[in-house]
Structures are given as C-alpha cells and as structure tokens.
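Participant: Below are the features I grabbed from TrEMBL:
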- 5-26: transmembrane segment (TRANSMEM)
- 46-71: transmembrane segment (TRANSMEM)
- 83-104: transmembrane segment (TRANSMEM)
- 110-134: transmembrane segment (TRANSMEM)
- 294-320: transmembrane segment (TRANSMEM)
- 326-349: transmembrane segment (TRANSMEM)
- 361-380: transmembrane segment (TRANSMEM)
- 443-462: transmembrane segment (TRANSMEM)
- 483-506: transmembrane segment (TRANSMEM)
- 512-532: transmembrane segment (TRANSMEM)
Amino acid sequence: HLGSVIAYFTSAKFLLYLGHALSTWGDRMWHFAVSVFLVELYGNSLLLTAVYGLVVAGSVLLLGALIGDWVDKNSRLKVAQTSLIVQNSSVILCGVILMIIFLFKTQLLTLYHGWLLTLCYILVITIANIANLASTATAITIQRDWIVVVAGEDRSKLADMNATIRRIDQLTNILAPMAVGQIMTFGSPMIGCGFISGWNLMSMCVEYLLLWKVYQKTPTLAHKSAKVEASELKQLNVKKDSDMKPAEGVQLIIEKDVAGSEPQQEKEVGCAARIAEPFITFRDGWVAYYNQPVFLAGMGLAFLYMTVLGFDCITTGYAYTQGLSGSVLSLLMGASAVTGILGTVAFTWLRRKCGLIRTGLISGVAQFACLILCVISVFMPGSPMDLTVSPFADISARLFENEPLPTIASPEAEMIFATGMPNLLNGSSAPANSDPEMSPEPVPLISVSLLFAGVIAARVGLWSFDLTVTQLLQENVIESERGIINGVQNSMNYLLDLLHFIMVILAPNPEAFGLLVLISVSFVAMGHIMYFRFAQKSLGKQLFVCHTPDPKAAPDSSPPGNTSTV
C-alpha cells in the first residue's frame with residue numbers, strides 16, 4: 001500500500017494536478033487583486049477596472065486563434081515553458097510597477113502634469129493583458145492537450161482527470177481571493193503586491209520543474225503531429241481520410257526535429273505574405289472551428305457565458321441592493337463551490353452510466369430546471385423589477401448632485417479585501433441594510449432567496465455540462481488542430497462574456513435586473529438547444545437509449561463521420 005501511495009504521488013497525473021493547482025492559485029489571486037488595485041489607484045473609480053476587463057476580453061477574442069495556432073506549431077515542452085515564464089514574469093513585473101505607483105503616487109502626479117502616472121496605468125494594463133494571454137496559452141496546452149496525452153487511450157481516466165482539474169478550479173476560485181484579501185486587509189495593498197510577486201516567482205520555479213518531470217514521465221508527450229499551415233486547416237476539416245499518404249496527411253514526428261526541418265520552407269517569403277499570415281490564420285481558424293463535428297456543442301457552451309446568473313461582481317452588487325450582507329454572500333459563494341464540485345462528481349457518474357453525449361443532455365436539463373427558480377424570483381414579492389424606471393436615472397442624478405464616489409475605506413471596500421468579493425457597484429457606499437434607521441422598510445427576501453437558490457443549484461448541471469463539452473473537444477478534435485480550435489472556443493466564450501457586460505452597461509439599475517435574468521435564461525436555453533441538435537445528429541435514434549458504455553471505448557462519445565454539423 002505504501003508503494004502504491006508513493007507511486008501515485010510521483011505519477012505524471014498527480015504532478016500535473018499539483019502544477020495546475022499552483023498555477024490556478026496564482027492566477028486567481030492576481031485576477032482578484034489587480035481589479036482592486038486599479039479601483040484604489042484611480043480615485044476609487046471602476047474606470048480602470050472596466051478598461052482592463054474590456055482589453056482582456058477583446059485581446060482573447062482577436063488573438064485566441066493565433067495563440068492556438070502557435071500552440072499547434074511548436075513543441076509541447078517549449079509552449080508550456082514559454083507561456084509559464086511569460087505569464088509569471090508579467091505578473092511579477094506588474095506587481096513591481098504597482099508597488100512603485102503606491103510608493104510614489106504623489107510625486108508621479110506632479111511629474112509631466114500626471115502623464116507619467118497615466119503611462120504607468122497603461123503599462124500595468126498592457127502587461128496584465130500579456131499575462132492573461134500567456135495564461136490562455138497555458139490553459140490550452142495543459143488542459144486541452146497534455147492531459148489527453150497523459151490519460152492515453154483511457155477515456156474514463158481522461159474524464160476523471162478533467163473532473164479533478166475542475167475541482168481544483170472550484171476550490172481556488174474561493175480560497176485564493178480570500179487569502180490575498182486577508183493579506184491586503186491586515187497589511188496594505190503594497191504588501192499584497194509584494195506577496196503576489198513573490199508567490200509567482202516561487203511558483204514559476206516549482207511549476208517549471210513539475211512540467212519537466214511530467215514530460216519525462218510521459219514519453220508520448222515528445223511526439224506531436226507536424227505543424228499545419230494555416231491554409232491547410234480548412235482542408236483538414238473537410239476530409240480526414242484514415243489512409244492518407246504521408247505528404248497529404250498529418251505525420252507523426254519527434255518534436256526535436258520540428259525546428260530543424262524548416263530551412264527550405266523559409267526561403268523567400270514576401271513582406272505582404274508575412275503581414276497577411278495572421279489574418280489568414282484567424283480566418284481559417286474560425287472556418288476550421290465552424291467545420292468541426294462538435295461545433296454546435298462548443299457554441300452551446302459559449303452561450304452559457306451570456307448570463308448574469310453567476311457569482312461575479314454584477315450579481316453580488318445586485319445582492320447588496322437587496323439587503324444581503326457580506327457574511328451571507330460569503331456563505332452563498334461557499335455553497336456554490338460545493339455544488340460545483342458535486343457537478344464534477346455527477347459528471348463522472350453519469351458518463352459511466354449513460355455515455356458522454358447523454359451526460360451533456362441530462363446536465364443541460366438539470367441546469368435549466370434549476371434556473372426556472374430564477375425566472376420565478378423575478379415576479380415574486382421583493383423583486384425590484386420595474387421597466388418604467390430609466391436605466392440611467394441613478395447615474396444622471398449622481399452626476400447632477402455631485403455625489404462622491406465610494407472611498408476605499410468604506411465598509412464594502414474593506415469587505416472586498418476581507419472576503420474577495422467586489423461590490424463597488426451602483427455607487428452605494430454601504431450595504432442596503434447597513435443603517436436601519438435611515439433605510440426604508442426591509443425588502444422581502446423571498447425573491448433574492450429564490451434567485452440565489454436557482455443559481456447555486458444550477459451549478460451542478462453547469463459544471464457537468466462544461467466538462468462534457470470539454471471532453472468532446474478533447475476526443476473529437478485531431479491533435480494537429482487542438483490548439484487553434486480551443487483558441488477559437490476561448491474567443492467565443494469571451495465574445496459572449498463581453499456581450500453580457502455590454503447588456504449590463506445598457507441596463508445597470510436594479511429595477512432592470514429581472515429583465516437581465518430573463519435574457520440570461522433565454523441564452524442558456526438556446527445553448528442547450530444547440531447541444532440537443534448536436535446530440536441528435538450524433539446519436540440519432542439511440543439518443544434516449546441509456547446504456548452502460550465500455551469505459552475505455554465510449555463508442556457514443558464520438559459523432560459518426562467527420563462532416564460539418566451545420
């Protein structure tokens with residue numbers, strides 16, 4: 001027994017988990033902290049945070065296909081190590097710049113009429129964006145490629161590994177912001193910057209070593225399909241015959257030979273061709289994604305990002321307007337993490353019982369059924385829904401009355417540092433129920449209770465569905481296209497996420513939140529209808545015949561043929 005325990009803790013699978021846990025912990029700390037730092041630096045306004053969010057989403061949307069193409073064209077170890085170093089170095093550099101700004105902000109304001117400080121803000125957002133792009137490359141190569149190779153031909157092992165990765169994500173989503181929030185609360189933002197920079201430096205060294213160990217323990221990682229030129233992507237998706245000649249198909253080669261086999265190809269390439277290459281890659285990447293047999297499943301997942309029904313700053317801000325305290329929200333976030341982990345357990349069990357595609361169907365039905373509670377909450381007592389109120393009435397009133405923005409020392413700002421939950425929304429400087437003498441009679445909690453009950457319960461189906469589509473992409477996208485297809489999938493996810501923020505900007509007042517809930521549920525429904533169409537095309541008459549598949553073969557997890565589903 002001791003030998004088996006030691007064997008597990010030294011296995012490639014466990015080392016991959018450990019590396020992912022370290023990487024995700026650093027990521028979550030940084031994503032939370034940078035938003036709070038930007039709020040404090042810019043006079044407690046959300047402007048810099050909004051600009052940062054827009055830049056990040058726009059960059060992944062435009063560059064997702066190019067990042068994926070770079071992942072495909074280079075050796076696995078080179079991609080993993082490069083993205084790891086760029087990501088962590090960017091965060092460390094950002095932390096150092098932020099520390100300098102916190103130390104010398106008054107001096108920077110006077111130099112060159114404040115333009116030097118503005119340049120520092122631009123630098124922080126630019127470098128933080130580079131860190132996010134490198135993080136995207138790391139996620140594609142590790143979670144969409146390395147994990148498939150480490151699992152080998154065993155699809156049950158792949159499903160278990162995917163589920164474990166998601167459990168790590170769920171735990172770090174809650175614990176990492178809380179940890180760094182405590183440090184900033186009892187120390188200072190500058191100490192928080194120093195801690196995050198130090199953590200990323202240490203983590204980078206350990207992760208680098210873990211990647212190398214996993215690479216050594218899994219010899220098949222050294223074998224990768226030859227890189228595919230952008231102009232060939234569409235052809236590969238239209239027809240992938242099993243008996244292709246080596247010159248026509250995808251050849252299996254050793255990675256170390258990839259770099260040395262290209263001198264003849266790099267002869268005379270015109271300047272115009274070099275300029276056009278990224279645009280051609282972008283176009284052909286999206287065409288390749290469109291032609292994938294799992295296109296509708298990927299689109300279904302992307303549509304789930306067009307929602308306000310999650311634990312982001314929008315929903316927590318709405319909760320504050322409805323009288324929920326920070327401690328209650330902390331408990332609700334903890335409950336959402338538990339249901340998310342239950343979703344990963346449900347995924348592995350359902351996949352064994354019913355197969356992969358049917359698991360997605362069952363998960364979709366479960367998620368949508370839970371979200372019906374959110375729809376009901378819109379019409380229950382206590383719901384502020386009133387479409388006669390102008391969405392911008394509150395904003396215009398504040399502008400004309402010259403009301404100050406909330407200060408970083410306000411109760412809700414302290415709660416940000418302590419619990420990791422931003423709530424600087426709607427310009428309120430205290431929770432709705434902070435002063436019972438000044439506030440009107442308490443709002444009935446039945447509406448907001450039903451809303452959060454639906455959101456929390458739906459996460460079981462949400463995470464099970466997410467894992468289903470993730471594994472469908474892993475199993476059905478050929479190795480030479482894994483990077484670019486997953487890059488485009490990330491772009492689609494960010495596009496719908498961006499649309500949901502635009503939707504909130506157009507209707508930011510609590511009275512319109514009920515309408516946003518109804519729109520969100522509609523998009524979730526459309527996403528699951530797309531997935532149902534994919535499942536119908538894949539399984540045909542066997543769609544509702546639930547049987548126990550062979551755990552390794554999983555015959556119903558791969559759609560028949562390889563033609564477009566559109």
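The backbone N, Cα and C atoms fix where each Cβ goes, glycine too.
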Participant: To the transmembrane segment (110-134), which of 83-104, 326-349, 361-380, 483-506 is linked by the most Cβ pairs under 8 Å?
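Facilitator: Out of the listed stretches, 83-104 contacts the transmembrane segment (110-134) most.
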Participant: Are the transmembrane segment (46-71) and the transmembrane segment (483-506) close, by which I mean at least 3 Cβ pairs under 8 Å that are 6+ residues apart in sequence?
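Facilitator: Counting Cβ pairs under 8 Å, at least 3, so yes.
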Participant: Restricting to CB pairs under 8 Å, which listed stretch, 294-320, 326-349, 361-380, 443-462, 512-532, is in contact most with the transmembrane segment (483-506)?
Facilitator: 294-320
